[in-house]
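Asker: First the structure, which I've put down as structure tokens, then a few questions once you've had a look.
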Amino acid sequence: MAIQAVVFDWAGTTIDYGSRAPIIAFQRAFAHFGINVPEAVIRADVGLDKAEHIAKLFAQPDTWAAWVHSGHNEERDVAIQEVYQQFQTEIRAVLTETGQLKPGMQSLCAYLQLKHIAVASTSGYTAAMIEQLVPVVHAQGYQPVINVTSERTAGIGRPQADMLTYAIQHLQIDDPQTVIKVGDTVNDILEGKNAHAISVGVVVGSNLIGMSEAEFVALPESEQTRLKEAARETFIKAGADYTIDSMADLMPLIEALDQKALQVPLLLTPGPLTTSASVKQTMLVDHGTWDEEYKVLTQSIRRALLAVGHADPELYTSVLVQGSGSFGVEATLQTAVPDNGTLLIAMNGAYGQRMATMATRLGINHVDLDFGETQIVSAEKVLNVLHQHPEVTHFAMVHSETTTGILNPLTPLIPQLTEMGIVTIVDAMSSFGGVPIDVTQLGVDYLISSANKCIQGVPGFAFVLAKQLTLATTEGNARSLSLDLYDQWRCFEEEAGKWRFTSPTHTVYAFRQALNELIEEGGVAARHARYAANEKQLCQGMLALGFEPLLPTSVQSPIITSFKYPAARFDFRKFYEALKLAGFIIYPGKVSKAKTFRIGNIGEIYPDDIQHLLQVIAKTEVAQPVAVNE
Ligand SMILES: *Cc1c(COP(=O)(O)O)cnc(C)c1O
């Protein structure tokens, strides 16, 4: 839904650049008694209850000594009371002086009025103070519908949600997600989050920077940038949804949020990925699992999967396993490898490593062969290790290692191993359906993938194409009940497509639709061509924008591409947010050695989408300096 309202804070946000009014009033109140209190000392406790704040200032030995020295009443409570009274007088005068709207505020007000976006305020000030400010800002074109202070919420102020929620209710808005709360302090951000609104922090002229406009503008640009980035970081750490430089920047943010509300995001991720509308549509109906229709559907999927993988139905079977892809891998490992077997795992990324972790947990003897993260699995090295480890009975590897996007060749290695009598297991999770694989020719014993990758279904189950003769020897191997691939297979076979336990019905229906769409597209070859074209266009476009892929083209899969950060100070989070705002969801990196991020090429993604993405990236400020302790 489009943005319905903006609720502003006062000092430091809409008026009073640098939120200086309380500081000045404190300084003047003390000066009235002949005492000079430095601004930094006051600033340290800004936001406290005012009497408490004065007590804290008197707790400074210098301040108290000056007070006593100038011959005033030496009772602490009396002193606090006297300065507090004076503060009340001073703040009234100062408020009027600092009531000028911050830069950008006037055009923002005109814009909000034009868009019929309601405007309200919440404040840490008292109602009396706000009453004094209202005519000052009205005269400048800023007229909130309601100004909420904690007097309306039984004294409950920030960071609690009460004042903001009061304002939202007053405006008769049901969904707080359509409300933007803008403020310049951490407590403002927290108030917004607590009320489930969109929290925005304004950086320039904020309390976090705490300088007057003249002071700030006089700083060298590098120092201005450093202060701004530090403030931005503070807002983000507090949970801000967005940060803006100046108030005028709220306008493009609202435009972008409204745009975003209209469109569905494109997932440029390796599963879950973007599915077609027709696949989503199939999930709007609930289905039982007991009727014949569902069993027939399951059998048709099992047959279709064999066809997608060129697996001879005389030799191979397909077994569906509830859960994500890893469930399928774990079921296969523990069913395939008996207690007296030994598994060699060739790995070059997180998914290969995950297999080793599973083997350890399952108590499977395993030998690990690690190729790092940017080298493909070398057949020669695997064969070498086999000679050193004659006890190896099983072999596992990942086809498309989604960690980086590297594509490990399956030939000649898998046929060679099969020839040697080694049982082979391939995690083809992110490649099956998107990269041609001929299971029969490979002779692979187990090939694993899942519903939410290149077949373009939604998450919910994994599947394993298994050589029947091999699987038939595995009864009783599994170390757990639910992930027993053998038992699962027998149930499908003996009960004509019945799942052993509750199955993800919506996912299964969506998957059948996704398989139909794969066939309509022209099968795996056509889908591979589309993904490869996406990848090529993405890679070339990104290179032109100064982004270097992690991998050489020779080992790059068409599935997902890792890009190195373009600069040491690249702020991925900001980059991600900017793309998200434009409707694209990408992935952070998963590589341990280099700083990378990933963009997926699979799913319901076409050249137009890649082109649009590249245009958005071109417009993104990518190499923003970051003011964190890197
Ligand atoms: C997605 C994927 C998996 C499975 O991950 P889940 O989160 O369990 O679905 C396994 N291996 C590879 C290579 C993958 O890309």
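Cβ coordinates come from backbone N, Cα and C, glycine included.
TrEMBL annotations: computationally assigned, not manually curated.
Annotations per TrEMBL:
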ACT_SITE  Asp9  active site, nucleophile
BINDING   Asp9, Ala11, Asp184  Mg(2+) binding site
ACT_SITE  Lys50  active site, schiff-base intermediate with substrate
DOMAIN    337-565  domain 'Aminotransferase class V'
MOD_RES   Lys453  N6-(pyridoxal phosphate)lysine
Asker: Determine, to the nearest whole angstrom, how far the Cα atom of Asp9 (active site, nucleophile) is from the Cα atom of the residue listed as 'active site, schiff-base intermediate with substrate'.
Answerer: 18
Asker: Fewest other C-beta atoms within 10 angstroms of its own C-beta: which of the recorded positions Lys50, Lys453 fits that?
Answerer: Lys50
Asker: Would you mind reading off the Cα separation of Lys50 (active site, schiff-base intermediate with substrate) from Lys453 (N6-(pyridoxal phosphate)lysine), to the nearest angstrom?
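Answerer: If we compare the Cα positions of Lys50 (active site, schiff-base intermediate with substrate) and Lys453 (N6-(pyridoxal phosphate)lysine), the gap is 59 Å.
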Asker: What's the CA-CA gap between Asp184 (Mg(2+) binding site) and the residue listed as 'N6-(pyridoxal phosphate)lysine' in angstrom, rounded?
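Answerer: A Cα-Cα distance of 43 Å.
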Asker: So which of the recorded positions is most packed in, judged by how many other Cβ atoms lie within 10 Å of its Cβ, out of Asp9, Asp184?
Answerer: Asp184
Asker: According to DSSP, folded down to helix, strand and coil, what is the residue listed as 'active site, schiff-base intermediate with substrate'?
Answerer: helix
Asker: If you average pLDDT over the domain 'Aminotransferase class V' (337-565), what do you get?
Answerer: 97
Asker: Do you know offhand how many angstrom separate Ala11 (Mg(2+) binding site) and Lys453 (N6-(pyridoxal phosphate)lysine) by C-alpha?
Answerer: 51
